[in-house]
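A.B. asks: Sending over a structure as structure tokens; questions will come in a sec.
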Amino acid sequence: MAQLGWIPGLATMIIFACISIYTYNLVADCYRYPDPINGKRNYTYMQAVDAYLGGTMHVFCGLIQYGKLAGLTVGYTITSSTSLVAIKKAICFHKRGHQAYCRFSNNPFMLGFGMLQILLSQIPNFHKLTCLSTVAAITSFCYALIGSGLSLAVVVSGKGETTRVFGNKVGPGLSEADKMWRVFSALGNIALACSYATVVYDIMDTLKSYPPECKQMKKANVLGITTMTILFLLCGSLGYAAFGDDTPGNILTGFGFYEPFWLVALGNVCIVIHMIGAYQVLAQPLFRIIEMGANMAWPGSDFINKEYPTKIGSLTFSFNLFRLIWRTIYVAVVTIIAMVMPFFNEFLALLGAIGFWPLIVFFPIQMHIAQKQIKRLSFKWCLLQLLSFVCFLVSVVAAVGSIRGISKNIKKYKLFMYKQ
């Protein structure tokens, strides 16, 4: 919002939400093949792409989908450490005063978060625990409402900063080129907020077949995206109204708020709890696809396939050597990458840019064209391709802006020495 301003910022979020509702409804219609009501179920997004578009697109979809999942685990590691540092800073400022030196390294918190994820990664199907969805929903609403509430308090008290119709003003501290790059990166951040297409089929798998799953999911899409957009509009608008040009990337970690310190800390605790579960929700499918591939390649290997039952006190569980080593290495590599590039906004914007066009727009539109057998160069075909092309351009400029932001930060950052 701070980069785009009131009119472009609000319009962009609403436009992205409308595009998401439309394309997610196309995804819902492709849950069954070839008929959306009576066809054969597709249990995953990739399976639907394979059924409608063939093997080449299936491979391309897999590379994008699993690459994005891996990237998001890096992003969640950065987010968690940023919030943990913010908790420590909130306590420090409360005890020593707002002008005190309270800067801390993210690295110990990233290492602690990584070690916790190594343990959780060894639990089979951890991402399917029912309580995870409940906890994620509660904590999401909590930190969104805490951030919005604190921003509203600043505005109501008359301490809000100057805002503009078209965002940050070009001047001595901001060149036209930098303004443009920041706008591009902002588009990536908004794009990331709209991306849950790959889990639509996981949700539909839990629905009864009557009324048809696609009709139920369409209602859920409208309700879910509308609620999500209202929360984002609240956070973005109230945060911008409170802080103006100096709006931090994360209003709960950028220290526009010092008091009540316990509420700032609570908001960040909610973020960390959410990230702990969300990391596993994204990592477990990636673990599973690699382990299935290894099992198919070496079906007779004890190292890959043998389970070792173990009992510690009253706790009984089994472990697998390949799972133990591979998942530990994965979490370790993700943690190291997060420590090397701990840039919250730019990294998340890059992930949003990479995933938005192919997963949210391109594949749903192409599957819809194949399902409905829309004739090439017909009016509807041209409109759908135009929408896809425009979203492709948005993804490209958002990716370029994000990469520039990351490279600019890396130049002035000492490796493993980032302090917040």
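Using N, Cα and C of the backbone, Cβ positions are placed for all residues, glycine too.
According to TrEMBL, the protein carries these features:
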DOMAIN    1-405  domain 'Amino acid transporter transmembrane'
TRANSMEM  6-27  transmembrane segment
TRANSMEM  129-156  transmembrane segment
TRANSMEM  222-241  transmembrane segment
TRANSMEM  261-282  transmembrane segment
TRANSMEM  324-341  transmembrane segment
TRANSMEM  347-365  transmembrane segment
TRANSMEM  386-407  transmembrane segment
A.B. asks: So if I exclude everything within five residues of the ends of the transmembrane segment (6-27), which remaining residues of that chain have a CB under 8 angstroms from its CBs? That is, six or more out.
C.D. replies: 45, 48, 163-167, 186-187, 190-191, 193-194, 197, 200-201, 217-218, 221-222, 225-226, 228-229, 232-233, 236-237, 240, 360-361, 364-365, 367-368, 387, 391
A.B. asks: Output the single range from 129-156, 347-365, 386-407 maximising the number of Cβ pairs under 8 Å to the transmembrane segment (261-282).
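C.D. replies: Ranked by Cβ pairs under 8 Å, first place goes to 129-156.
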A.B. asks: Are there residues at least six beyond either end of the transmembrane segment (347-365) with Cβ under 8 Å to its Cβ atoms? List them, or say none.
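C.D. replies: Hits for the transmembrane segment (347-365): 19-20, 23-24, 26-27, 30, 45, 49, 53, 57, 60-61, 64-65, 67-68, 71-72, 74-75, 78-79, 185-195, 197-198, 341, 384-385, 387-388, 391-392, 394-396, 398-399, 401-403, 405-406.
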